[in-house]
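Colleague: Sharing a structure with you now.
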Amino acid sequence: MAILKRTNRAKAATAAAPNSTGKSNGIKKAVYTSTRKKTVGVDDLTLLSKITDEEINKNLELRFRNGEIYTYIGHVLISVNPFRDLGIYTMDILKSYQGKNRLETSPHVYAIAENAYYQMKSYHENQCIIISGESGAGKTEAAKRIMQYITHVSKSVGTEIERVSEIILATNPLLESFGCAKTLRNNNSSRHGKYLEMIFNSGGVPVGAKITNYLLEKNRIVNQVRNERNFHIFYQFTKSAPQKYRDTYGIQGPENYVYTSACQCLSVDGISDEKDFQGTMNAMKVIGITEPEQDEIFRMLSIILWLGNIQFQEGQDGGSVISDKSITEFLGYLIGVPVAAIERALTIRIMQTQHGARRGSVYEVPLNPTQALAVRDALSMAIYNCLFDWIVERVNKALVTSDNSVSNSIGILDIYGFEIFENNSFEQLCINYVNEKLQQIFIELTLKTEQEEYVREQIAWTPIKYFNNKVVCDLIESKRPPGLFAAMNDAIATAHADSAAADSAFAQRLNFLSSNPHFEQRQNQFIVKHYAGDVTYSITGMTDKNKDQLATDILNLIHSSNNEFMKSIFPVAEESNSRRRPPTAGDRIKTSANDLVETLMKCQPSYIRTIKPNQTKSPNDYDQQMVLHQIKYLGLQENIRIRRAGFAYRQAFDTFAQRFAVLSGKTSYAGEYTWQGDDKSACEQILKDTNIPSSEYQMGTSKVFIKNPETLFALEDMRDKFWDTMATRIQRAWRSYVRRRSEAAACIQKLWNRNKVNMELERVRNEGTKLLQGKKQRRRYSILGSRKFYGDYLSASKPNGTLWNTCGLSQNDHVIFSMRCEVLVHKLGRTSKPSPRQLVLTKKNLYLVITKIVDQKLTQQVEKKFAVSSIDSVGLTNLQDDWVAIRNKSSQNGDMFLRCFFKTEFITTLKRINRNIQVIVGPTIQYCRKPGKVQTVKTAKDETTKDYDYYKSGTIHVGTGLPPTSKSKPFPRLATGGSTAAARGPRPVVQNKPAATKPVSMPAAKSKPAPMANPVSTAQQTQNRPPAPAMQARPNTTQAAAPVTSTTTTIKQATTVSASKPAPSTVTSAASSPSNISKPSAPVANNVSKPSAVPPPPPPPPAEVEKKDLYLALYDFAGRSPNEMTIKKDEIIEIVQKEPSGWWLALKNGAEGWVPATYVTEYKGSTPQTTASSTNVAAQANNNASPAEVNNLAGSLADALRMRASAVRGSDEEEDW
């Protein structure tokens, strides 16, 4: 079955089969599927490299212990019961599988449901999902999850549609209560088989459903194994019955009834009977079971419970009598019949003889206590069985559809699994027979599908041997030769009245089956070799269970009841003179199984094979032997081999091409599917470009087949790596984009905020200019364009600051203006002199703060405090002076007269707080120095004072300022059309490192790594480097001795410096440039001037002896640029310059280079003395060596000097171009 591509689920599912030519419908985009998470092991067992039962078991265990309970075999799902909630059934996970194919998602029961729903909707084919496995393996849970998924994805708007979906979901709790019970293997074991067929219209919307019931284990009503329980509904009803039922039906606790307490297990861990009873009642309400119908249902349950409490004792005539007559009296009330009729039906059996077609005599045969108990139990089982059938029919009635647009259906089969007990009887034979039929369908349909696909695709394959269990099915159901069911029917017909005789006759007829290799007969037992293992069945009582008929007197008792509901649920008794043999239980089972097989054969099947990991129901235990046995009898190995018979993987051309197109440059570009030819040729091109041998694949008519799973692994791995690379590129581009966007946004915000602040500052400044416009001469600095009114120049608004505490401000006091100022201090007999003060203005008060020494400590005190609301006016002169008079109408200490350099800002701020303040400008200023005493201050022009004023003898002397009509210049703006950096102009080069004595111009140094305590790798050293210091040359006595010109030559930089990290500029002395060194010319005859009589200068004094700063290399360091030195561990080098950045300039063999400071340590050995000259260094270092060694050292040093001089000249030549 091909993996389908979900292109458009909304389209009508009328698409034809895949085009054999594989012609593409235009360019399509390759989609990166990221929904599939990484898994452990292999999620498809067909991809196992080694196919054995042990390898299958190992892979399932590995996934089980990692919480991966689902695994594929192709399209077959293997489910291992986790016995815990893994959180894998949430609504988000459910939605993640909607519209996805198997390759796009991890194995899950939702994927099986999605595939079945899509196939049904797209191709109008009936689907069925067959869930098989042993009891406790999780079949019922899987069926519930499938119903949950399908009802969700098919949900549509409409009252009727929503009602149908709700009823379908409500059938689960209802049928679980009446059809499930606690067993030793499973706390919620299905004791019946159920086939739910969901019916959909052409739009894929559910319009109805039908439930078919199989094999209800009615024997559980009267008999349970120790530590098992009866059906859940009995415990729910007896624990949580409403009071009206307790009063009407006499309901008591479960411990008071034999049918519920004999097993000695009234409660189960993890099951709340009270809560489940409410769920059952809600389900009945949703389905539409009326309250009178509910009353009758619980009446039948009450009858069964009270029947179980009837006990018999032996009578005088050898018959039996009822021990407690009160129970039968209450049962007569519940059933609606006389008490005597109940006692007669339970203790007496009516037998009738027959002579051919004539009716014979009628006899009343008394029953002993054992026989009476059997009749009681038969009645109880019959009531419950008929009640269960009625509930199923009632649900079907609620789900019946009136929609004429019925299209297709999806069937979900949940039937209890293969059973092997210590004592196996007729019930286990029927259950195992049905499982054999399902196994037969699985094998035939799986093999048939594979065969048809290979034939259709013209692919040759080798058939795989497998066990065909048809022989086992024939052993049970065959008529000729007679099988087990036929032998039982013959035995019943021979000895109808006597069960023991019938069992004996059945045992004799089994001798005819002894030649069957799958059958063995033993004393009073027989063995059937099923596909799941050998099962030993007991013959005792098997024929009686096969008859499954109520006695005539019991049926007569039921139909004599005045309860119409009870009579309606029981079938009408057949006429006693009918010669036709009534069908036995085996006949009904065989008919139901064949009908089920016929229904399933008309559908496209999907399979879920459930596995139980342990018998303890523990979430942590994995019984390898137990699972291995299930793997074997489920035939998983054969299924894998059938799936891999020819090829482990097959896919349609278009899907394969679109999935793996990225692996070929001819079929895709940048992740886009660009192939213009047909899909088949695209697949061939992809396989060719990925170097897949032709022996590893074959091309069918519409699909590509890959032989080994390793080939698929290789393709998937290459595809993952491609998308990983693409994802990395996208992430890198996205991060770069986000960073640029963030930086741009930050720049815009910064500029906008600055512009916004500047606009506000400019507006306030212009307001002040307007306030004094045409009234007062202006100072030159007052109208500068860069002048801004910041206000709090003394940071008085800082909480707990000096001025804050001095003025006693609180959090609610906002400082608007603070400034240093001067006030006139009046002294007796002398002119007043300005004295410094601090001015603080808030929205409420104006403070004048004085600083003075108190007790030899410098302290601050509030000298004056004015309420802003009490200020009447402000006085100024009409000249450019800075004196201001603040007149306080309610002041007791006089006004303030002070000099404030930012007077315009101060007055503007004051005016904005109190609009009633008058600004008085004139040639004089009047203020009250003391209360009631007016002082007049005059002004006088003095051109000797240009930019300042002074006070003397009541007169302010000031020079002529700018005209009163002067306006403030506009704020400076950034250059239009240029960037911020361009507007600021070129950034000056920052010299980070000290200049050397005679620097040598080198190419711009690369960034260096920060020094580390331990050696780091090369990759680590390339990150976060600070700029390295420029290379500097050591003094060279040879060059220094040569005459130099006095002309300074500009040296061009040899390399281009990065804009983001400018290299430190170096200034090269003319003396260090070889091009500027004067070379002595050769002597020329007759043209050489005579030497001067002046004697030559004396030779220079010997250089001072300096001590070498030697260091020992701790680690190896490999230089990666020309200005870095390569050093080896334990090598001794000389450090000539240390930089705080962590890079030191080292000297070794006459060559210099930078090394990390953390890679070297101070050398503690003997330090030889040397001169500054490199030549003398070499000589003194080798003064104790042999002549040969001295010559070698001298030669090496000379070579090093020549190389260094050549390097210097080369560098200078590069800078001259």
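Placement of Cβ uses the backbone N, Cα and C atoms for every residue, glycine included.
Keep in mind it's a predicted model, so treat the numbers as computed, not measured.
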Colleague: Which residue, chosen from Ser96, Ser361, Ser538, is annotated phosphoserine in Swiss-Prot?
Modeller: Ser361
Colleague: Which one of Ser267, Ser742, Ser1196 shows up in Swiss-Prot with the note phosphoserine?
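Modeller: Annotated as phosphoserine in Swiss-Prot: Ser742.
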Colleague: Check each of the ranges 1-26, 27-52, 547-572, 1145-1170 against Swiss-Prot and return the one annotated as region 'Disordered'.
Modeller: 1-26
Colleague: Tell me which residue from Tyr363, Tyr790, Tyr951 Swiss-Prot records as phosphotyrosine.
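Modeller: Candidates were Tyr363, Tyr790, Tyr951; Swiss-Prot attaches phosphotyrosine to Tyr363.
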Colleague: Check the candidates Ser135, Ser272, Ser782, Ser1075 against Swiss-Prot and report the one noted as phosphoserine.
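Modeller: My reading of Swiss-Prot gives Ser782.
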Colleague: Test of record reading: of Ser966, Ser1078, Ser1211, which one does Swiss-Prot tag as phosphoserine?
Modeller: Ser1211
Colleague: What does the DSSP secondary structure composition of the region 'Actin-binding' (409-491) look like, as residue counts for helix, strand and coil?
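Modeller: Helix, strand, coil within the region 'Actin-binding' (409-491): 47 helix, 7 strand, 29 coil.
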